[in-house]
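Trainee: Structure in structure tokens, see below.
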Protein chains: 2
Amino acid sequence: MEFEDKNNEPTQLGELGEFGLIKHLTQNIKLQQPSTVYGVGDDAAIIQPTADHQTLVSTDMLVEGVHFDLLYTPLKHLGYKAVVVNLSDIYAMNGFPKQITVSLAVSNRMSVEALEEFYEGVLLACDFYAVDLVGGDTTSSNSGLVISVTAIGEVANGKAVKRSGAKENDLICVSGDLGGAYMGLQLLEREKRIFEENSQIQPDLGGKDYILERQIKPEARHDIITKLEELGILPTAMMDISDGLSSEILHICESSEVGCALYEEKLPIDPMTVTTAEDFNLDPTVCAMNGGEDYELIFTVPIEDHEKIRGMEGISIIGHITETNTGRMLITKGGTAQPIMAQGWNPILNKNDEE
Amino acid sequence: MEFEDKNNEPTQLGELGEFGLIKHLTQNIKLQQPSTVYGVGDDAAIIQPTADHQTLVSTDMLVEGVHFDLLYTPLKHLGYKAVVVNLSDIYAMNGFPKQITVSLAVSNRMSVEALEEFYEGVLLACDFYAVDLVGGDTTSSNSGLVISVTAIGEVANGKAVKRSGAKENDLICVSGDLGGAYMGLQLLEREKRIFEENSQIQPDLGGKDYILERQIKPEARHDIITKLEELGILPTAMMDISDGLSSEILHICESSEVGCALYEEKLPIDPMTVTTAEDFNLDPTVCAMNGGEDYELIFTVPIEDHEKIRGMEGISIIGHITETNTGRMLITKGGTAQPIMAQGWNPILNKNDEE
């Protein structure tokens, strides 16, 4: 991986005009969802809802310099990730995304080729997750790139899983492993600082592919939703882990009016995350608890589902729901109980996000 | 109306934190649509589609310094307008909006009170148009304010009206009057220049309420959609006029593969728009054809509906659809036919928007 500036002979955005640009960028869209009646090209998209299903809608905004840094984020990956983070919210409701809209505010210094790269990533995600790009808006920006994606999905009536259904004794489960995306970001930020001090030095990211990919090209856990359905497990509460495990479990506890006990020794952390954290003098547990952007799923299931969930590949049971009076605790490897504090990683308005 | 900077003792955004801020801003939301199962507060909103209806989705992005100027746009009006321009797209499909999501990228220099004002406008529009605010995202921005709104609506199966259905001999109709929003903007821009040269001089906008309101607080023509339904008229093609009449009629002709003849003398222009245009040495016809943001509806109906449409208040029949070979023409008051050229007003990437 190299940091580079690849605007050789770029095509100016103004050369195409707004409508020309939109037509150019959306010409390769292939619709694949039967529910998409009409996509890009009119005042609104038309979607045919499936009988006995509810519609899910989720939206996110990504801002250059806040959520991503174009120095080390290839535009194709950025387009892919912008879609994935939205789809993740639909899966987190136990639904399946079907359509997205993508709106962009772009600086005039961005070239048509750069936008093509971005859309390549968007369409790659659409293809992989079988969703249709059905609309959006493209406008100019006086400063950086701003991306707004809205995902529209479906869930069978009565099957939507909110944050609020966790009950005492439910098992708390997470998919995959945690903290990797955060350590990937730390690596990229370190190499960026070195690069800024001396642009002759190319980044040393060798052997770190896994955690870099966790940061730059995350995936949404559609496979978990499919698997849960196959196993006949309906979680009582579910969220995707975008801000960090601490933040998300506190949301679930808050909404469900319950407490929790998480066990440090049960947290799934990849060995590369551990060694990289140690290189940075960071505690891997803190990275797993507070590092965001893993886009794994955290969910709770009734204790009766223990056998089923234990046999499910890629799922860790990390604790259980308690009554609200016992608090929201992390039981450390040493056996002490520490209150969980949210330190949402998501680079937002605040530094002391303690809801 | 006065230009002012009203940040007296503002509350810093960081004081509330992201989740606190969202909770604070969304606490006054009252859901009124039966189809809204669950609104703000989870990974996604849940919507129950109405049987025999299709879902409509439309999205727009508004950027500070490009689409609006905070010097002369009160935040409450901005919130209202951001919603209205999206709802307008749903009505333009012959549907009714039911839900919206609102995402914001806000500079840290904006206060909580400023955001409250913005949301007051958003909720006012929600109340007036009976739509529910069901989601969104709030993040920081390194520069100006960026607003992204997505509207979700419904239309009875088979009743969606696209751009592509206009047929030869159809009548071309517009609601309300045109060019007013553009002249309102010209006034505001002129007074801004004067204010910037000497901030002691307050703007002279007396007696211009109508065109200022057309610019600052436009309305979406839900009443026209209701009326058309009552009269049993199903337009063959329809759009809302956001970029300007020229641009929109060319979209309809392009999509429908037809020509058109518009009559200059039939264009509905308010007397205040005419006199203000003359003050600015502008041709009122040009303002009506190319000035955007009126958010009126342009639609085509079969000639058989002539009697019905003639009796409809607030509708002007401005021309008819022709075969494609005769071109897309404006017949001037002098009787000459001029090809219609799109000069989309919408401040976008291009200066030569000629699709």
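Even glycines carry a Cβ here, placed using N, Cα and C.
Because TrEMBL annotations are produced automatically, they should be read as predictions rather than curated entries.
If you look up TrEMBL, you'll see A:Asp43, A:Asp89, A:Asp240 marked as Mg(2+) 3 binding site. Under the heading Mg(2+) 4 binding site, TrEMBL lists A:Asp43, A:Ser58, A:Asp89. Residues or ranges marked as Mg(2+) 1 binding site in TrEMBL: A:Thr59, A:Asp60, A:Asp137. What TrEMBL records for A:Asp60, A:Asp89 is Mg(2+) 2 binding site. Annotation source TrEMBL lists substrate binding site at A:His67, A:Glu293, A:Trp345. Annotation source TrEMBL lists ATP binding site at A:Tyr119, A:Gly136, A:Asp137, A:Arg163, A:Ser242. The Mg(2+) 5 binding site annotation in TrEMBL covers A:Asp243. Residues or ranges marked as domain 'PurM-like N-terminal' in TrEMBL: A:41-155.
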Trainee: Measure from each Cβ of the binding-site residues A:Asp60, A:Tyr119, A:Ser242, A:Asp243, A:Glu293 to the Cβ atoms of chain B, and list in sequence order the residues where some distance is under 8 Å, or 'none'.
Mentor: A:Asp60
Trainee: Do me a favour and check the Cα-Cα span between A:Glu293 (substrate binding site) and A:Ser242 (ATP binding site); whole Å is fine.
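Mentor: With distance taken Cα to Cα, A:Ser242 (ATP binding site) is 4 Å from A:Glu293 (substrate binding site).
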Trainee: Highest CB neighbour count within 10 A among the binding-site residues A:Ser58, A:Thr59, A:Ser242?
Mentor: A:Ser58
Trainee: Counting across all protein chains present, how many other Cβ atoms fall within 10 Å of the Cβ of A:His67 (substrate binding site)?
Mentor: 23
Trainee: Nearest to A:Arg163 (ATP binding site) in three-dimensional space, by Cα, is which of the binding-site residues A:His67, A:Asp137, A:Asp240, A:Asp243?
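Mentor: Of the binding-site residues A:His67, A:Asp137, A:Asp240, A:Asp243, A:Asp240 has its Cα closest to that of A:Arg163 (ATP binding site).
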Trainee: Show me the subset of A:Asp43, A:His67, A:Asp89 whose Cα is within 10 Å of A:Thr59 (Mg(2+) 1 binding site); these are the binding-site residues I mean.
Mentor: A:Asp89
Trainee: Between C-alpha atoms, which of these binding-site residues comes nearest to A:Ser242 (ATP binding site): A:Ser58, A:Asp60, A:His67, A:Asp89, A:Asp137?
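Mentor: Ranked by Cα distance from A:Ser242 (ATP binding site), first place goes to A:Asp89.
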Trainee: Using C-alpha atoms, which one of the binding-site residues A:Asp43, A:Tyr119, A:Gly136 comes nearest to A:Asp60 (Mg(2+) 1 binding site)?
Mentor: A:Gly136
Trainee: Within its own chain, what residues at least 6 apart in sequence put their Cβ under 8 Å from the Cβ of A:Asp89 (Mg(2+) 3 binding site), listed in sequence order?
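Mentor: In sequence order, A:Ser58, A:Asp60, A:Ala151, A:Asp240 meet the Cβ cut-off.
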Trainee: Near A:Tyr119 (ATP binding site), which residues of its chain come within a Cβ-Cβ distance under 8 Å, counting only those 6 or more away in sequence?
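Mentor: Sequence-distant Cβ neighbours: A:Leu25, A:Thr26, A:Asn28, A:Gly79.
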Trainee: Summarise the model's confidence over the domain 'PurM-like N-terminal' (A:41-155) as a mean pLDDT value.
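Mentor: Its mean pLDDT is 95.
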Trainee: In angstrom units, rounded to an integer, how far apart are the Cα atoms of A:Asp243 (Mg(2+) 5 binding site) and A:His67 (substrate binding site)?
Mentor: 12
Trainee: Could you give the number of helix, strand and coil residues in the domain 'PurM-like N-terminal' (A:41-155) as assigned by DSSP?
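Mentor: Counting residues per DSSP class in the domain 'PurM-like N-terminal' (A:41-155), I get 35 helix, 49 strand, 31 coil.
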